[in-house]
Amino acid sequence: MFLLKIKKERMKRMDFSLTREQEMLKKLARQFAEIELEPVAEEIDREHVFPAENFKKMAEIGLTGIGIPKEFGGSGGGTLEKVIAVSEFGKKCMASASILSIHLIAPQAIYKYGTKEQKETYLPRLTKGGELGAFALTEPNAGSDAGAVKTTAILDSQTNEYVLNGTKCFISGGGRAGVLVIFALTEPKKGLKGMSAIIVEKGTPGFSIGKVESKMGIAGSETAELIFEDCRVPAANLLGKEGKGFKIAMEALDGARIGVGAQAIGIAEGAIDLSVKYVHERIQFGKPIANLQGIQWYIADMATKTAAARALVEFAAYLEDAGKPFTKESAMCKLNASENARFVTNLALQIHGGYGYMKDYPLERMYRDAKITEIYEGTSEIHKVVIAREVMKR
């Protein structure tokens, strides 16, 4: 009986099935992706158009408030719910998956570190209000090296305002966001220990949008340069405490990497779906190419690696939701899922042959879109450093 009890408890802990609410969310996100995103995905990519109307619709059905309690306009849930929604979007429109995933960073940071007043002011706007959120850390000389940030936010004690000066680059949604979490040096001489997080609203005097980038992929996810020239924001907009900005940024990035993992498994699963359909329809030498062993091996490799990637992403999500350390697992899941997305979209394009190379078919777009998952929220190389450090800790 003792052994049987242990076995039952272990089986209970190893239950990977979704709850009823999570299944409903998955169905909702899948239907939204099929009805609202898939029909416009090619246009979004071709015209480099930010899907503003679709983002408003995401807010209307509660997807922009995932991870935020209902009292602040959110939908509740946690990281696994984010993975469910983002991966469904990734199957049909990677740009939209990226927009949702990156948007969620700002409200979750404000919910975790914000004051009561900040939560009441900004969270309803970022959830049910339909305003886009942005997270601005990267600078021209501060990519993987966050310690090289030069943007300053000096407190003017007479007006009780922070005065921001500096430039941020490659900020996803930066040109469209209504509420942004900016990382700047409040005490420049202290370096990383002098970095703080500050909430800045669109339209604040001294804050302007610079270059909007033309990218290889995820064209609908607008990426912009942010310029701060004597931009004054109330001291009350400080998120958390002074000098804690680097900690806030790194913790936010741990969660964001799971979001990128979700994007990557979504696009991989979408590429597999297209490939399976194609190999049954494509006739060569008098029979479907699905009968060819080489094609079967491709499909087997794609499906196996993607299933493993999903398992690692969902495990990292479980750890974050459970309040357990997850830095190593978030880096692992992002590294693995992103490299798998490139692998799968490459094989899927190969399976489609000449058709896959043409812009009339979605595979060439998916192939381009997949690459960014190996770069943003930390490159694959940086993640290997993070993983090695975590594994070798004593």
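Placed from the backbone N, Cα and C atoms, the Cβ positions cover glycine too.
What Swiss-Prot says about this one:
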- 135-144, 170-172, Arg282, Gln293, 350-354, 379-381: FAD binding site (BINDING)
- Ser144, Asp254, Gly255, Ala256, Arg257, Gly378: substrate binding site (BINDING)
- Glu377: active site, proton acceptor (ACT_SITE)
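Among Ser144, Asp254, Gly255, Ala256, Arg257, Gly378, the residues given in the record as binding substrate, the maximal Cα to Cα distance rounds to 17 Å.
Considering only the binding-site residues Asp254, Gly255, Ala256, Arg257, Ser380 (FAD binding site) has Arg257 as its nearest partner by CA-CA distance. Here the CA atom of Ser144 (FAD binding site) lies 14 Å from the CA atom of Arg257 (substrate binding site).
Spatial neighbours are here defined as Cα atoms within 10 angstroms of one another, and by that definition the neighbours of Gly378 (substrate binding site) among the binding-site residues Phe135, Asn141, Ser144, Ser172, Gly353 are Ser144. By neighbour count, meaning other C-beta atoms within 10 Å, the densest spot among the recorded positions Asp254, Glu377 is Glu377. Glu377 (active site, proton acceptor) is 9 Å away from Asp254 (substrate binding site) when you measure Cα to Cα.
Proximity note: of the listed binding-site residues (Thr138, Asn141, Ser144, Gln350, Gly353), none has a CA within 10 Å of the CA of Ala256 (substrate binding site). DSSP gives Phe135 (FAD binding site) a strand state. Of all the binding-site residues listed here (Gly255, Gly353, Gly378), the one with the fewest other CB atoms within 10 A of its own CB is Gly353.
Thr138 (FAD binding site) sits 10 Å from Glu377 (active site, proton acceptor), taking the C-alpha atoms as the reference points.
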